[in-house]
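According to Swiss-Prot, the protein has these features:
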{"type": "DOMAIN", "residues": "1-86", "note": "domain 'ACB'"}
{"type": "BINDING", "residues": "13, 28, 29, 30, 31, 32, 50, 54, 73", "note": "acyl-CoA binding site"}
């Protein structure tokens, strides 16, 4: 079964176990790239560690087409469903 991007975004919130921080950052970056496109926002301040991590993860996806980011997001969500259950 292949999920749509919207279904994957909804399903990831129902995982039985919370993904690791690295997995959450990957999800965030692919979601933002798949919905917004390249990161053009200002980098958060040096004391905003969580914001900087999220910003950097998204910025690393720069140049990835929205469609490709959405496909990668769905694939990652499907892996997480297999790993953690939904």
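Every residue, even glycine, has its Cβ placed from backbone N, Cα and C.
The shown structure was predicted, so the numbers you read here are calculated from the model rather than taken from an experiment.
Overlay of Swiss-Prot feature records on the structure.
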| residue | record | CB count, 10 Å |
| --- | --- | --- |
| 13 | acyl-CoA binding site | 7 |
| 29 | acyl-CoA binding site | 24 |
| 31 | acyl-CoA binding site | 21 |
| 50 | acyl-CoA binding site | 10 |
| 73 | acyl-CoA binding site | 25 |
Worksheet item: Which residue counts does DSSP yield for the domain 'ACB' (1-86) in the helix, strand and coil classes, in that order?
Response: 55 helix, 0 strand, 31 coil
Fill in: Cα-Cα distance, maximum over 13, 28, 29, 30, 31, 32, 50, 54, 73, record's acyl-CoA binders, Å
21
